[in-house]
Amino acid sequence: MAAAAMAVSEAWPELELAERERRRELLLTGPGLEERVKAAGGRLPPRLFTLPLLHYLEVSGCGSLRAPGPGLAQGLPQLHSLVLRRNALGPGLSPELGPLPALRVLDLSGNALETLPPGEGLGPAEPPGLPQLQSLNLSGNRLRELPADLARCAPRLQSLNLTGNRLDAFPPELFRPGALPLLSELAAADNCLRELSPDIAHLASLKTLDLSNNQLTEIPAELADCPKLKEINFRGNRLRDKRLEKMVGGCQTKSILEYLRAGGRGGRSKGRQEASEKEDRKKRRERKQHRESGEGEEEVADSARLMLKVLHVSENPTPLTVRVSPEVKDVRPYIVGAIVRGMDLQPGNALRRFLNSQTKLHDDLCEKRTAATIATHDLQAVRGPLLYAARPPEDLKIVPLGRKEAKAKELVRQLQLEAEEQRKQKKRQSVSGLHRYLHLLDGKENYPCLVDAEGDVISFPPITNSEKTKIKKTTCNLFLEVTSATSLQLCKDIMDSLILRMAELSKSTSENKEEDMLSGTEADAGCGLSDPNLTLSSGKDGQCPLVVEQVRVVDLEGSLKVVYPSKTDLITLPPHVTVVR
């Protein structure tokens, strides 16, 4: 045994020195490293994982290193940087690499990786395997796909380098709203990417995007909605829009984004393209004249802007308040509320479009209502102050949308029976994703509910709203709520997205009614601010912005828990949205 220990000491003197001097950094490289790793079975020596003080570990240029070896995560819990570049890691990567709770930099470039651990990204997804990871370099490998839960595994990722792999698509989860809120640099040049999802607009912090030398044929116009994007590279892609292809080869990022924002993209006929080019030249001349005459450059884009006005609690003589009882903490602790005034749901299919956008948010950002739930109410029917509480299933009664009054326990059981019947009819092994939220309340002694000042339950999350506050075509002012058992920030992110969609719908509705308004034939001017004290002047395009009114959530003693929108909310919206505070 002593002889074996002596042999290890002689083979790995760097480890003995690091242990003796309590080093925080260790670099293993050089000509003798390959033979020693080969003798250790293509893995790092187990003794390396008995140095818990290490913050930085680099093993590079070793053609015999095929796997880090078991014990890395358990033995090096304080590791901040792990650099394993230009080795022979692959074709897979063992799950033992995570979790590493303190890791900030992971460099696996220049290896032979074909896959990452299936189902768990680079570590367990719940909780995140790499919760502090900021930089991930996977360039120069042979990856054909990324794990779907990569964003869950590394939610604080800021830089992702995928250059020089064999990827043909990004996983949709990577661009899910709020999935990677800090990602500022994405490089995936020299791959086989065929399509870029419009959902890339959800990367609110993206500054640099390099997708050169792929197989893209179209660049989504939504890319222009990334508010911080400063540098893009699409060279080496054969785009359908030849003018755009020429632009990406020589124009600045700003010009390309302006072209996308104006609607220029692949797939148009030659005649339409020439007409568009002529129109673009005309607009450029007009902008130049505006600049030379001292007029604002922003005037051209004013008609495309969305306006939101935040009304603070102090400006409202009768603010709505939500009180929270302590019992709800064990069931569904997080709630955010807001009031939106000035919606017009009467024209055409505006109401249906509003409800469809809410359903889409439930499917995407709310993860089929399992992460969070949205409820929208006709403010005229809401009697404040409101109470967010938890009640026994036998005592909680509600008049659900489209149904008769029922106890919560009976309603949930009925919905579960309906879901099971649907499963049998469609011959599925499990209930559809649409109904999975029904099981969130299994085993709960109390159910969450929102109660108005008259004692009526107006919301039973995540199950249903009440018929009492149902949204109708005549609804102008709405009370919005988002609840979650996951996090308060998720509630805020979803509320941001909901209000943005409402602003877009309001703008679209106003544009469709513009001719009637100009001709004076608009019959109903009742959709506005119901409170005469809450007035707002029109914007440059003659349209009034939506008013987003703050709602305070307090405990039973009146101490503030959260207010929305605060000064840190509604700040990651696209550049065409202006928030007046």
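Just so you know, glycine gets a Cβ as well, placed from its N, Cα and C.
Of all ranges given (401-436, 509-544), Swiss-Prot attaches the label coiled coil to 401-436. Residues 158, 163, 168, 181-199, 233-241, 244, 248, 257-258, 260-261, 263-267, 572-576 of the same chain sit 6 or more residues outside the repeat 'LRR 6' (205-227) yet have a Cβ under 8 Å from a Cβ within it. For Ser314 (phosphoserine), no same-chain residue 6+ apart in sequence has a C-beta under 8 angstroms from its C-beta.
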